[in-house]
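K.L.:
Would you mind keeping the following structure in view while I ask a few things?
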Amino acid sequence: MEDTPVEKKTSTVNYQSLIYEWGKTIVLSIILALVIRLTVVGAYYVPTGSMQPTIGIGDRLLGCKFLYWFIEPAAGDIVVFEPPPDAHTTVPRFVKRIVAVEGDRIEINQGLVYVNGMPVEEPYASSPYYRLPPMEIPEGQLFVLGDNRNNSADSHVWGFLPEDNVEAKIVLRFWPLTRAGLVD
């Protein structure tokens, strides 16, 4: 059976319509993925052992970016952030645990971290060998430490972290698969 001119025109129109619909779907999908990536969730790679044993070298994590729009960062949260200028680093992001928030008083002495005069129970962290005199966390600032206390460039080295530098709260490890799950 031979195609008539009408049939050829119809098939061309359908083909162009199909390409248009597919193109529109792909472009909208890319835009949606970018919006989600920039505002909802981020994937992060950990290149160092500063958070061991909680987070290992090479772990890949997911962070919730919008959570801190609704709640304040809290002690115990593991966060990803842009390091402050005093960190003197070219590394674009760090992953550390919040130990104290604005208004808290922190001290590190004899291998223990004290917040507001009380020792913090930290079964996940190594005991620090260093000492830090008592100091109050200023407004809009956080005090963050790596769980591997003696092998971490963190607030005990470069000072307070501006709360605005926090990008996301780490919630999930997705690699390696043998350790995949919630992170706390």
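From the backbone N, Cα and C atoms, a Cβ is placed for every residue, glycine too.
Predicted, not measured: the structure shown is a model, and the values here were computed from it.
I grabbed these lines from TrEMBL:
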- S50: active site (ACT_SITE)
- K96: active site (ACT_SITE)
- 20-175: domain 'Peptidase S26' (DOMAIN)
- 26-46: transmembrane segment (TRANSMEM)
K.L.:
Would you mind reading off the Cα separation of K96 (active site) from S50 (active site), to the nearest angstrom?
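P.N.:
Cα-Cα, rounded: 8 Å.
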K.L.:
Long-range same-chain neighbours of S50 (active site), Cβ under 8 Å, sequence gap at least 6?
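P.N.:
Expected: F94, V95, K96, G146, D147, N148, N151, S152, A153, D154.
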K.L.:
Across all the protein chains here, work out how many other Cβ atoms are within 10 Å of the Cβ of K96 (active site).
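P.N.:
Other Cβ atoms within 10 Å of K96 (active site): 26.
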